[in-house]
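Notes follow the structure.
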Amino acid sequence: MSTTFDSPPLTNDADLRTKRRQLTIAIAGNPNAGKTSLFNALTGLRQKVANYPGVTVERKEGIWALEGGRTARLIDLPGLYSLDASSIDERIARDVLMGRARGLPAPDAIIAVVDATNLARNLYLITQLLEYEPPVVIALTMVDMAERRGIDIDVQRLRDLLGVPVVPVVAPQRRGLNELSRAVSEAARHGATKRVQWRLSEQAEREIAALCGDGEAGPAARRRVMEELYGEELPPDQNRRALILAARQRLQAHDPNWWQEPLLARYRFIERIIAEVERTKEAKRDLTMAIDSVITHRFFGPLILAAIMLLVFQTIFAWARVPMDLIDGAFGALAQAVHAYLPPGLFTDLLADGIVAGVGSVLVFLPQITLLFLFITLLEDSGYMARAAFIMDRLMRGVGLHGKAFVPLLSSFACAIPGIMATRTIENQKDRLATILIAPFMSCSARLPVYTLMIAAFFSDRRIFGFLSVGALLIMAMYLLGITVAVCVAWVLKRTILRGPTPPLVMELPPYRLPNPLTILQTIWSRAWLFVRRAGTVILAISIILWALANFPRVAPEGDRAQTVADRSAVESEQLKHSFAGRLGHLIEPVIAPLGFDWQMGIGLISSFAARETLVSTLSIVYNVGREADSSSPSLIEAIRKARRPDGRPAWTPLTAISMMVFFVLACQCMSTVAVVRRETNSWRWPIFMVLYMTALAYAAAFITYQGGRLLGFG
Amino acid sequence: MESRSALTVEAATDSTDPMRRGLRSLAELPIGFSARIVAVNGASHIARRLMEMGFVPGAPVSVVRQAPFGDPLEVRVRSCHLAVRRAEARTIVVGDPQSFIG
């Protein structure tokens, strides 16, 4: 921070008291009010993201260096329109403000972010914040934009009418940040500002007085009663609950819209303030309206959306391959280096094939995640995302989903992990869960090696009508199968376990803005880091377990390692057959036999639950062609074609290959996805449910494919 | 409070002739027209959200356009643009269409 200002002398008693501990400051505001860019400007890169205990709401906090050398713990509350606790976000925010959030002290002050271009709506949250104890400092954002739109705000008058400090800020240019720091320190030192109360109708006041009881009066008791009476949640206590319900009934009889009273009282207050502080000169035709007449145009709107999505898809699908191959190659080289420089043995194997390969399998997704989040942040911060949801809502609602589910589902075609992380823009928890649960059905890029191998082995030069390649048709059929099943599952989920009233769509279409590069970089950084850290630990653990399953019990004594490549792969093949994984393959053979699979494919299936593309490398170990084979390697294709069952029949037929592909379309075989779902839903319940139902579906579909195909005379 | 309730009741019972006394739902307001909000009815969890977003009695509202596939509507309340589905727009009662905003 700037040092040109002298810090105020520290003589005051209260100041000495607060000086000893770090201040806790919460930052609250409407979505799109400029809260994130203010938070980033105040904290820089010193921020961390975590979840609130037990819920999926994200908690972002950072360290803010105040003027005078003190620091504050700055807590970014979720973007909200009100504190009425009708969504999880709002309940969390209210808990934080009242000091009821686990692990967080009540804030010493609140920075309330208010968008100057939208004063009336933004002040609604302020009127609620003023009902709580912590002192409020208003950071007035978008002042420059308001000026350009001909909106003139009398800041001094606003300050007087609200009775709290109002500091105009322009976060990207760091204007007003010192003043904000001073106002917040001052507010935290002096404690509570006067709290606002609303005078309601006679009937309502009578009920509130009765519910307050004789012993307790005063603003805190009144507010608690108001929360009970007008809030969505009833108090847990039986007697109290009955009293509240009776009071509600009496009010209801008097006025069916009785519960709107506090809302209307707050708006009357806001109306008075607006009339005094806001002057609007002739409104210029604004740019957003002009852009929207094209972007949400009946014909061009969907077309532009399709073009943007194609670009995103292409980037994640094709251009991300370059850095992904680099990372993959680097970790492959590292594993080889470990083998080359360390003495052969179990530890070296664990390090190279378990740990290095495991870490590599995590980091290889980073380019896709980073690129996808670059696009999502750009689309979100520019204001386009709301338009995409606006255009798609009608179609998505057909299957019971929200318009905002469109982008996450589309990006899942590249990789379900960033797709699932992108569902955070969906506020309704049931809609979000439904979207997460169907996202892995979108055929991701990790399935391509499997499809490619199967097609190369059995359908390579077949054509229909002389020009249509069977392979291309099969791949398209697999994508369509995934989409169809996803639509059906969403439809079923929204009518069974995720049933609920259709949440209303009341979505702001914010003005278009140039995204702030700093905010974008910080968002991408925190997302990428979060992925590496949280998902990484789980993936690493599972990699080591899988390595152990494939390597124990040992066949050959340690150190007795074959030297030539051919011998080495023979040893590896032998090892795998006798390992737990190999035994597991034999164990599940009766179960997978109806799908057309034998025990060797079973090993592939088991290992592919870590990551789908593992099937290719496992099959090459099983068929003794060395693990370096890839999906277009001729030796592996030869081996697959030549593989025989004990009775001499070919192990693979074209029908087996299709059955395998169908299984891979539907099964949840990706531990990274499981780890991310665990993280995003904050429980093991949903990832376990997802693995079970998807795998059951995959089994059923592969069963129908194989047995149906045999009945029709194929295979 | 009293007068607002009276209007609410009228709007609800006037289904045979929504144009009488100029009352209609926001979903029936032609694109490009504006009107003042008279009441927000409907289930409390939806009406509360609508009111928090600025749909309060007395506020000026206009329908800017409909989405390419017919629903939702883009609506302007005060200076704020919002997307609402027709189902939600039907719970918002508005007065006489006042002006054409082009």
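Cβ coordinates come from backbone N, Cα and C, glycine included.
Features reported for this protein in TrEMBL:
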BINDING   A:29-36, A:54-58, A:76-79  GTP binding site
BINDING   A:Asn40, A:Ala41, A:Thr43, A:Gly44  Mg(2+) binding site
DOMAIN    A:22-190  domain 'FeoB-type G'
TRANSMEM  A:299-319  transmembrane segment
TRANSMEM  A:354-379  transmembrane segment
TRANSMEM  A:399-421  transmembrane segment
TRANSMEM  A:433-459  transmembrane segment
TRANSMEM  A:466-493  transmembrane segment
TRANSMEM  A:531-552  transmembrane segment
TRANSMEM  A:651-674  transmembrane segment
TRANSMEM  A:686-706  transmembrane segment
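Shown in sequence order, A:Gly79, A:Asp115, A:Gly383, A:Glu508, A:Pro510 are the residues of the chain, 6+ apart in sequence, with a C-beta less than 8 angstroms from the C-beta of A:Asn32 (GTP binding site). Of all the binding-site residues in the record (A:Gly29, A:Lys35, A:Pro78), the one with the smallest CA separation from A:Gly44 (Mg(2+) binding site) is A:Lys35. When secondary structure is read from DSSP and collapsed to three states, A:Thr43 (Mg(2+) binding site) falls in the helix class. On a Cα basis, A:Lys35 (GTP binding site) lies 12 Å away from A:Thr43 (Mg(2+) binding site). Residues 368, 371-372, 375, 379, 384, 387-388, 391-392, 407, 410-411, 413-415, 418, 445 of the same chain, all 6+ positions outside the transmembrane segment (A:299-319), place their C-beta atoms under 8 angstroms from a C-beta of that stretch.
Across the domain 'FeoB-type G' (A:22-190), the prediction's mean pLDDT works out to 85. In this chain, the transmembrane segment (A:686-706) does not touch the transmembrane segment (A:399-421); fewer than three CB pairs sit within less than 8 A of each other, excluding pairs fewer than 6 residues apart. Cα distances from A:Ala41 (Mg(2+) binding site) to the binding-site residues A:Gly29, A:Lys35, A:Pro78 are smallest for A:Lys35.
Cβ neighbours of A:Gly29 (GTP binding site) (same chain, under 8 Å, six or more residues apart in sequence): A:Lys35, A:Gly79, A:Leu80, A:Ala112, A:Val113, A:Val114, A:Asp115, A:Asn122, A:Leu125. Each residue contributes its Cα atom, and for A:Pro78 (GTP binding site) and A:Asn40 (Mg(2+) binding site) those atoms are 14 Å apart. The list of residues near the transmembrane segment (A:433-459) in space but at least 6 beyond its ends in sequence, with Cβ under 8 angstroms from a Cβ of it, reads 316-317, 368, 400-402, 405, 408-410, 412-416, 419-420, 423, 426, 470-471, 474-475, 478-479, 482-483, 485-486, 489-490, 493-494, 498, 608, 611-613, 615-616, 619, 630-632, 636-637, 640-641, 652-654, 657-658, 660-661, 664-666, 668, 670, 673, 677, 680-681, 686, 689-690, 693-694. DSSP gives A:Gly29 (GTP binding site) a strand state. If you draw a 10 Å sphere around the CB of A:Thr43 (Mg(2+) binding site), it holds 22 other CB atoms from the protein chains shown.
When the binding-site residues A:Gly44, A:Pro78 are compared by the number of other CB atoms within 10 angstroms of each CB, A:Gly44 has the fewest.
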